[in-house]
Structure formats: structure tokens, C-alpha cells
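Residues or ranges marked as Fe cation binding site in TrEMBL: TYR217, TYR218. Taken from TrEMBL, the feature signal peptide applies to 1-20.
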Amino acid sequence: MLKKTLLAICTLGALTPAFATELVLYSARADTLLKPIVEKYEQKTGVNIKLVNDKAGPLIQKLQAEGSNTPADLLITVDGGNLWQAAQTGILKPVNSKVLEANIPAQFQDPKNRWFGMSVRARTIFYNPQKVNPSELSTYADLASPKWQGRLCLRTSDNVYNQSLVGTMIQNLGRATTEKVVKGWVSNLATTPFPNDTAMLEAIDAGRCDVGIANTYYYGRLLNKKPNISVKPFFANQNGKGTHVNVSGIGLVKYSKNQAEAQKFMEWLSGPEAQNLFADLNNEYPANPRISPAPHVAKWGSFKQDIINVSVAGQNQRQAIMLMKKAGYK
């Protein structure tokens with residue numbers, strides 16, 4: 001009898017993992033950021049989460065090609081433009097959740113509930129304090145003024161973060177004014193645009209240029225490596241609309257086979273435990289406004305955010321790309 005009981009227990013134990021819920025998460029975010037968050041949820045719930053990594057564009061195309069045969073339950077990616085594009089292709093399903101609505105502000109979610117922001121970054125001005133007095137700084141548009149000639153550094157225009165910034169400027173300033181600003185930026189460049197934000201920030205530190213525009217979390221990463229870097233953030237447009245912010249976000253895949261469990265994971269991501277992990281691991285701001293930034297990020301100062309819905313970046317992306325090309329921004 002004892003042998004039969006032990007055999008039954010062993011058999012049940014061997015079978016349990018096979019019946020455990022598994023969520024498949026298509027992710028355009030780095031494993032180093034997501035794995036600790038995923039592992040925390042797995043430990044907490046017993047749900048297994050499989051990560052499939054690629055860039056946003058290929059993942060969206062993959063989901064379109066797979067259609068109803070996709071194994072994916074969730075898509076997570078950076079930038080409102082990418083999230084908007086994913087929603088437009090019809091691969092995401094609206095999620096009606098009181099938890100998500102309560103935790104995530106309206107500007108960080110799709111108006112039709114197809115995706116929700118999970119972490120926030122500001123794309124703002126950075127400067128070398130040995131060469132620039134912060135009183136000289138004010139807005140993104142002011143970086144087009146003649147006083148910055150030969151002093152400005154930028155990342156290349158083919159980057160989605162710059163496309164989203166310009167797309168938002170088109171919405172706030174109008175196309176004609178934005179084109180004038182971008183032409184001014186190009187005229188003021190100290191050197192050709194950089195392939196990434198980190199290289200641009202390092203150029204400011206090295207004195208190759210005095211000011212530039214970058215995402216805040218790149219600055220945080222650089223500070224971890226070089227604590228004495230001669231670069232400081234300045235939050236732009238504080239007397240106007242506020243600093244441009246963007247998100248990383250998550251959406252429920254339309255053909256998910258585990259929709260209820262996927263929604264639970266989304267809701268958990270919007271709560272305190274996961275929001276603090278997002279903030280700590282990648283020098284980002286929580287999307288949930290009730291959660292404070294990590295202390296090292298809070299040291300950069302509080303600021304007014306532009307509350308325009310981040311999906312505008314996607315809606316205006318094509319216009320932004322054409323405008324930057326016309327302005328000679330490479």
C-alpha cells in the first residue's frame with residue numbers, strides 16, 4: 001500500500017510541471033531587464049514564462065505571419081510608436097481591466113486598451129556643466145538657435161526615439177515650426193550624428209559638443225560605469241508642455257491561448273512590486289504614478305511631463321521621418 005501511495009505521489013509530481021500554465025512573451029526588451037521581473041512572477045505564482053527575444057519590427061511581423069497559430073500570449077516593446085504600430089496591425093486584443101486603468105495614466109495607454117505602458121523614460125537635454133550654464137537652456141526648440149552653432153550633438157534620425165520626439169513636436173508645434181527647428185538642429189551640429197545615445201553622451205563628456213538630447217536611462221547606465229562623468233540632465237520645456245516622455249509597454253496578443261493568465265501578469269506588472277523592479281533595474285521611471293523613482297534616479301530632479309498620449313508618436317511617425325529627411329537630418 002505504501003509503495004502504491006509513493007508511486008502515485010511521484011507520478012503526480014512528475015506530471016505537475018507539464019500542466020503548469022505557461023505564458024509566451026515576445027519581447028523587444030533586453031533579457032537582463034526582464035528576466036529578474038519574470039523570475040519574480042514565476043516564483044510568486046508558479047506560472048512559467050517563456051521569453052522570445054527580437055527587435056520590435058521583426059516581432060510584429062512574426063505575430064502577423066503566425067496569425068491564429070501563434071504561441072505568443074503577450075508582446076512587450078519600447079516606444080509608443082512601436083506600440084501604436086503593433087495595435088494598428090491588429091495583432092493585439094483590448095484588455096478591460098480596472099486594475100490597469102487605476103494604475104496606468106491615460107497618456108501611457110492605448111485609447112482602445114490594446115496596450116499599456118509599464119515604464120517611462122524622458123528624452124531630454126543633456127549638457128556639459130563645464131561649458132554650459134543651465135540658465136542658458138530652456139526648450140528643444142531653443143537648441144536650434146544660433147547660440148548653439150557647432151555645439152550640439154544628436155543621435156541619428158533613423159532611431160525611433162528621435163522619430164517619436166519629432167512626431168510629438170509636430171503635434172505640439174505644427175509641422176512648419178517643427179521643420180524649422182529640426183533644420184536649426186542640423187545647422188548647429190558639432191559633428192555627424194551618433195549611432196546611439198551612449199556614444200553621444202560620451203561625446204558631451206569628452207568636450208566634442210556641449211549639449212545633446214538623450215533618454216534618461218542611458219544616462220543612468222553611463223553613470224554606473226563612470227560616476228564622475230561631466231554630463232548633467234536638464235528637463236526641457238518646463239514652462240510649456242513639459243518634457244517629452246515615452247514608454248515601454250505590453251499588449252495582449254489577439255490569439256493568445258491563455259488570455260486570463262496573461263491579463264493577470266499585465267496587472268501584476270502595473271503594481272508596486274514589478275514597478276519598483278522596472279525602476280531599479282533600468283534607471284526608468286515607474287508608469288504607475290503612485291510608485292516613486294529609484295533614489296539614484298530621483299536625484300536628477302522632478303519635472304513636468306508632457307501629458308500628450310504617447311500613441312501620437314506612432315500616428316505622426318511617417319510625417320516625422322519625412323520631415324527629418326527634408327531637413328537634412330541624417
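Going from the start of the chain as shown, residues are counted 1 onward.
Any Cβ shown, glycine's included, is placed from N, Cα and C.
What TrEMBL says about a protein is an automatic prediction, not a curated fact.
Quick caveat, the model's predicted, so the values are computed rather than measured.
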Are there any residues in the same chain, six or more apart in sequence, whose C-beta is under 8 angstroms from the C-beta of TYR218 (Fe cation binding site), and if so which?
ASN196, ASP197, THR198, LEU201
Return the count of C-beta atoms lying within 10 angstroms of the C-beta of TYR217 (Fe cation binding site), excluding that atom itself.
22
Look up TYR217 (Fe cation binding site) in the DSSP assignment and reduce it to helix, strand or coil.
helix
